[in-house]
Amino acid sequence: MIIGTCLLLLFASILLTLANKIHIPFTILLVLFGVGLSWLGTRFPDILGPVHQLRISPDIILFLLLPTLIFESAYSLNGRLLAKNLGPVLMLAIPGVLVSTFIIGAILTLATPLPIVPALLLGAILSATDPVSVIALFKQLGAPARLTMLVEGESLLNDASSIVVARILMGLIVAGSITFQSVGKGAVDLVVIFAAGFAAGWVLGMCVAWVFGKTKLDSFVQITITTILAYGSYIFAEKVLHASGIMATMAAGLAMGGWGKEKVTPSIQEYLEHFWGYMAFVANALLFLLVGMRVNLGELSGAVGSLVWVYIAMLVSRALVVYGLIPLVSRKEKVDLRYQTIIFWGGLRGGIAIALALSLPAFEHTENFLALVMGAVLCTLVFHGLTIEPLLKFFKLDVPPLADRFTGIQGRLSALKHAARHMTDLVSGGLFSGSLTEKMRKESETEIARLHLDLTSLRKTEIGPGDECSMLFLAAFAEEKALFIDMLHKGHITEPTFREHSQLLTLNTDAVRYNRELEGNAQVTFQKKRRGRLARIVVKVPLLSRYAEQMRMQGISTDYEKTWARYKSTSQVLGHLDHLADLNAISDNVVENVRHRYLQWNEAAKKELDEVAGLFPEFVVDMQERFGRRLLLIAEAESIEQQQVQGLMPKGIAEKIKESIEHRLDSLKGQSVQKLVIDPSELLRKVPFFRDIPQAEFTAISAHMRPYSAPENETIIRQGAPGDSLFLIARGVVRISHKDKDGERDIASLVAGDFFGEMALLLHEPRNATARAITPSALYELKRADLDTVCAAYPVIHEALKTVSDRRKIEIDKAQAASDGETR
């Protein structure tokens with residue numbers, strides 16, 4: 001077993017090298033080699049005995065090889081692109097499998113001796129696609145990302161669908177009858193198995209990602225945990241929950257590939273990608289070699305008649321699913337007909353179909369099914385796999401997007417010019433003759449001239465001002481994304497800030513690439529509103545109410561951090577914009593347009609930072625001090641690393657120093673929200689009727705006041721709601737507005753030292769106005785019971801509040817009367 005496996009891996013390594021040289025898809029070469037290896041093994045058992053004795057089994061595929069392939073694919077998947085194309089992917093993977101099962105079953109029932117239920121079972125088995133070679137070819141040729149996502153996303157999901165449908169149909173065969181009740185139960189089971197598997201995998205993946213973010217684990221430990229996650233989620237779903245293991249592993253991979261990637265350093269990210277890439281190589285190599293070795297050419301020749309009908313049924317069902325179902329869910333953003341054709345032809349069958357055929361219990365069609373499935377797999381892998389590349393080229397889907405082609409030429413041109421500037425060093429070093437250097441210079445100049453001609457041709461035929469603007473924006477977004485990643489891993493920003501800015505950049509990148517329009521900051525506003533709603537819910541829960549203020553303060557500090565990060569990124573882009581424009585040969589008027597947009601963003605961010613600095617100077621100073629200390633510690637760590645590499649410091653001592661620096665860096669991450677808390681006495685002394693109260697009583701009143709932080713645009717009180725507290729403003733600006741039949745109008749803007757909310761308390765009525773924070777604001781809240789206590793001890797306070805309340809009521813009544821007059 002061990003010797004045979006090692007030999008298969010050796011063969012796979014040789015075949016991979018050969019595939020790269022002769023340009024044949026690796027998986028197809030593996031299958032063909034496996035077929036030949038099986039044939040040779042029967043004739044030379046003494047030499048190839050260890051290999052020929054290896055047998056593929058459903059458990060090896062389903063519990064050993066499949067989790068590896070599913071996890072690696074999901075981990076590498078672009079989650080946002082998957083979400084954007086989820087409609088077509090789900091249509092292909094779930095209804096598509098059901099339609100395909102029915103059509104294949106119906107055709108085989110009519111054209112062959114197979115009864116309806118066994119024919120449907122064979123249809124379910126053959127509905128599982130496995131386009132590994134097609135996806136590899138897409139990546140090699142630079143096929144459109146959306147096309148790759150549709151094919152890969154369908155493959156991930158429809159494997160689970162096929163397995164579940166096949167098991168349900170197998171149960172019906174064992175039961176010996178089909179009823180409406182059994183069909184209904186099967187449909188419910190399909191949904192439950194899918195949902196339970198996905199939920200289990202997602203929860204496990206998020207838990208592991210959370211652990212990675214909270215602890216500093218060794219890279220080997222992290223690799224081990226992700227391996228356990230891949231196999232553990234699959235086994236847990238299959239054996240414990242009796243749900244879909246594929247869905248569980250896929251969800252775990254998506255969680256780790258999305259949120260989890262932000263929890264580890266770039267070096268560990270790269271390590272994880274290499275590790276799972278290698279694991280996928282091993283799994284694919286063993287899977288397709290074993291598939292080829294399992295093919296029995298004698299059995300296939302005896303089933304050619306039925307195999308022809310199987311192949312026709314697969315083509316018909318695939319065509320109806322792709323061309324019939326995809327247009328139903330892609331009306332807003334249509335899937336190109338060329339894409340649909342590639343999806344149709346690229347629906348290869350592979351290891352999943354064979355695993356399902358091998359796992360069938362013994363019944364009268366078992367051997368026939370195995371031969372037919374093997375034949376179908378071989379036909380699609382070889383015939384479709386070898387013709388998909390010419391089809392891609394026919395549809396010109398192997399041509400990269402304009403921006404990528406332009407960037408590629410410009411990057412090559414920049415590199416050649418950089419190399420040319422160093423040619424004089426060859427002569428001055430005394431190692432090269434002048435004639436040799438001159439020859440190399442002429443070759444370089446010829447290549448540079450050719451690239452200039454290519455750029456000129458692109459500009460004349462394909463590139464317009466809109467394309468130039470898009471290319472410069474894309475380069476600027478890439479610059480920002482690199483900065484945010486660097487800031488995250490150096491501890492200058494936290495994960496929520498990174499995620500929000502990264503999402504905004506992704507939205508804008510997609511918008512510019514496809515629509516040439518920017519998305520704006522819609523999701524940032526949504527995040528703030530959602531956080532405010534959550535705080536209002538939490539404050540109403542008795543056991544959680546004490547966390548509401550902490551959430552509000554955290555919201556202000558997070559908003560400041562996000563604005564600061566935005567200011568840094570836009571400043572860097574503005575500083576590098578001319579260089580980016582030179583690299584991409586962008587015209588001056590386009591550069592100025594992009595510069596104008598970035599200046600707007602930069603100035604808006606700076607204005608927000610200045611507002612917060614004026615309102616919360618202690619917090620801003622603390623943020624700046626933390627940033628400065630992190631910079632010094634990072635510089636210190638880099639110096640220690642350099643001394644270690646140069647051999648000036650022993651490794652053990654260097655590691656201890658770096659570990660100490662790492663601990664200090666961790667302690668400086670995030671923000672100190674306590675710097676947002678203001679002493680109540682600072683506020684109360686600003687309120688006129690509190691100024692003359694003796695210090696002892698003044699301290700007693702302060703003890704009753706609760707801090708309340710309001711992020712920008714948060715609604716503090718709402719008109720019509722019951723009122724049980726008074727608010728005093730420490731810092732910030734609060735806008736008071738009143739809504740009547742003609743709409744909402746602003747009444748007043750209150751600043752530090754002002755108060756509001758007194759009318760509902762004194763008159764025992766619902767709130768008659770809405771108060772909203774115009775800037776991040778710090779307030780203090782005085783509850784009804786506490787206010788009654790204070791007013792009983794100091795009647796002057798009650799009288800002062802009543803005077804202000806009466807004046808404000810008159811102002812509201814006047815505004816209402818004026819509104820009624822305008823209406824009349």
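Note that Cβ sites are derived from N, Cα and C of the backbone, with glycine treated the same way.
Among the ranges 1-23, 116-138, the stretch that TrEMBL annotates as transmembrane segment is 116-138. Counting Cβ pairs under 8 Å to the transmembrane segment (159-178), the stretch among 89-110, 116-138, 190-212, 369-388 with the most such contacts is 116-138. Contact between the transmembrane segment (275-295) and the transmembrane segment (60-77) is supported: at least 3 Cβ pairs lie under 8 Å, counting only residues 6 or more apart in sequence.
Looking at which of 89-110, 190-212, 243-260, 342-363 has the most CB pairs under 8 Å to the transmembrane segment (60-77), the answer is the stretch 243-260. The transmembrane segment (116-138) makes contact with the transmembrane segment (89-110), as judged by at least three Cβ pairs under 8 Å among residues 6 or more apart in sequence. It is 307-330 that, among the stretches 89-110, 190-212, 243-260, 307-330, forms the most Cβ pairs under 8 Å with the transmembrane segment (342-363). Same-chain residues lying 6 or more positions outside the transmembrane segment (243-260) and placing a CB less than 8 Å from one of its CB atoms are 62, 66-67, 70-77, 79, 82, 156-157, 159-160, 163-164, 192-194, 196-202, 204-206, 208-209, 212, 226, 229-230, 233-237, 499.
Residues 82, 116, 119-124, 126-128, 149-150, 153-154, 156-158, 160-162, 165, 169, 190, 194, 306, 309-310, 312-314, 316-318, 320-322, 324-326, 328-329, 343 of the same chain lie 6+ residues outside the transmembrane segment (89-110) yet bring a C-beta within less than 8 angstroms of a C-beta in it. For the domain 'Cyclic nucleotide-binding' (689-790), the model's average pLDDT works out to 80.
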